[in-house]
Amino acid sequence: DRDSCVDKSQCGKYGYYGQCDECCKKAGERVGTCVYYKCKCNP
């Protein structure tokens, strides 16, 4: 689920991050981006 994406992600401060995006898509979200080094999934 989307919370596991956040836990796993070590990404840049801002912007697109492939691993985060993949995880979010598997969780049924539209896209994943990074905000302050955390993955955020957007519906």
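Counting begins at 1 with the first residue displayed.
The backbone N, Cα and C atoms fix where each Cβ goes, and this holds for glycine too.
Quantities reported herein were computed from a predicted structural model and do not represent experimental measurements.
Take the candidates Cys23, Cys34; Swiss-Prot pairs Cys5 in a disulfide bond with Cys23. The CA atom of Cys39 (disulfide bond) is located 6 Å away from the CA atom of Cys5 (disulfide bond). If you count neighbouring Cβ atoms within 10 Å for each of the disulfide-bonded residues Cys34, Cys41, the highest count belongs to Cys41.
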